[in-house]
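Colleague: Dumping the structure here so I can ask a few things about it.
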Amino acid sequence: MGLLHSLHAPAAALLWSCLLGLAAAQEAILHASTNGVSSLSKDYCMYYNNNWTRLPSSLENATSLSLMNLTGTALCHLSDIPPDGIRNKAVVVHWGPCHFLEKARIAQEGGAAALLIANNSVLIPSSRNKSTFQNVTVLIAVITQKDFKDMKETLGDDITVKMYSPSWPNFDYTLVVIFVIAVFTVALGGYWSGLIELENMKSVEDAEDRETRKKKDDYLTFSPLTVVVFVVICCIMIVLLYFFYRWLVYVMIAIFCIASSMSLYNCLSALIHRMPCGQCTILCCGKNIKVSLIFLSGLCISVAVVWAVFRNEDRWAWILQDILGIAFCLNLIKTMKLPNFMSCVILLGLLLIYDVFFVFITPFITKNGESIMVELAAGPFENAEKLPVVIRVPKLMGYSVMSVCSVPVSVLGFGDIIVPGLLIAYCRRFDVQTGSSIYYISSTIAYAVGMIITFVVLMVMKTGQPALLYLVPCTLITVSVVAWSRKEMKKFWKGSSYQVMDHLDYSTNEENPVTTDEQIVQQ
């Protein structure tokens, strides 16, 4: 049984509605030392918005500032500034009760060089509307309460700080890893879908078997109307998630754990069934069950549970999330069937519009000027929980000083794998039915080219990109050109039929084509 058999449509749509991941906060180093004692120093991680302020890239170029502890005052009024003043100092305040921008304006008016907000959350506050903070020039950064307490205990009260943001190499190896994962997943998922198609064609021996198989497959088939309804549900779900994030994020985590553990089981059990060893069985409820599958189910559940418990552990939890995510994408590509190219165009086209709208258009609608997709990626309302709908690959610490910060990661949304993967899976099934491999190979290459274009734009624009904006045109245009050049567009558009073939004799299919739509009508 596939994933769609086990999850209700709203739950599946909720998981689908957030399949795009974007980057969030900028990390920097706060180098603290005791005045007059250069040997006594310590580095801490701080978070800032590089759209507001630029920091030097090295400690040598950073400016020394005397640190002033103002956590005992709210700094919400000019009267909160101490008599000695705060000119050319870095002041530390607690979060609240007034808005952090109000604190920044007061600190700036008092001549402070930087405002450090000691907060339990390490998330930098969202930038809001640009007109709100355009007159604020003082550096605003966030440090954790734990780090500030350690700073006072280690270095005392007379502290000097330097702030800088080490630059990363121009070449980001994590993009290569993500590229390999994405192309491998869509290629394997599409090929697996073709293998299932081939097995179905070989197993059909009479009309009764054919009718039984068609009824089973129709449960997983997305008609054009179903595709439209599904995308509408996705839009509704992402809006609900935006307004009720603090509650629904845990629903998403629960759905991901259940769906990904089942997907991992489906992927690994397919390998176990083909292994000559491990065939021992036990009788349970009148059925013979392989002992190896019992252990496998326990392993898959354990992986999901361990990830759920340690999901916020930056050092290694990403490995489990990526394993579960790859299995989830593979299972979904293999399970969901688009019956024809028309359904593929509708699904990919609507999700492309969906992607662009929630990334580029919603900033003109929301009150804070941020896109809904960016807010969900960062966690609205400074929520530390993240949606588990991305492939994450951390950057190796090329600079040891950056080890004090959480590991920076590159991400790719599951939707950027699954959505084009469904098209590639259809191309592979069509190839199996027509005795070729041209559609599968060309669509996979087109996906790889689209990913490369996405990464090039990412490096040029220096900001997160909706990958479907480049993947959808690359894949759809490529397979359309192939279909037109082979004079198979009509057949490719409507979908090829299943035929009862001896030794894969495809000439019957050419002489008596029956479209998938006609199959549905006949039922």
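Every residue, even glycine, has its Cβ placed from backbone N, Cα and C.
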Colleague: Can Pro224 and Met373 be said to be on one side of the membrane, going by the domain names in Swiss-Prot?
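Modeller: Taking the topological domain names from Swiss-Prot at face value, Pro224 sits across the membrane from Met373.
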Colleague: Quick one: of Asp355, Asp416, which of the active-site residues has the smallest count of other CB atoms within 10 A?
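Modeller: Checked Asp355, Asp416; of these active-site residues, fewest Cβ neighbours within 10 Å: Asp355.
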Colleague: Considering every residue in the topological domain 'Cytoplasmic' (485-523), what is the mean pLDDT value?
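Modeller: Averaging the confidence scores along the topological domain 'Cytoplasmic' (485-523) gives 55.
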Colleague: In which DSSP state, out of helix, strand and coil, do we find Asn61 (N-linked glycosylation site)?
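Modeller: Its secondary structure by DSSP: coil.
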Colleague: Within 10 angstroms of the C-beta of Asn51 (N-linked glycosylation site), what count of other C-beta atoms is obtained when all protein chains are considered?
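Modeller: Other Cβ atoms found within 10 Å: 11.
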Colleague: Mind pulling out the one from 176-196, 248-268, 345-365, 404-424, 464-484 with the most Cβ pairs under 8 angstroms to the transmembrane segment (289-309)?
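Modeller: Result: 248-268.
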Colleague: How many Å lie between the Cα of Asn61 (N-linked glycosylation site) and the Cα of Asn51 (N-linked glycosylation site)?
Modeller: 20
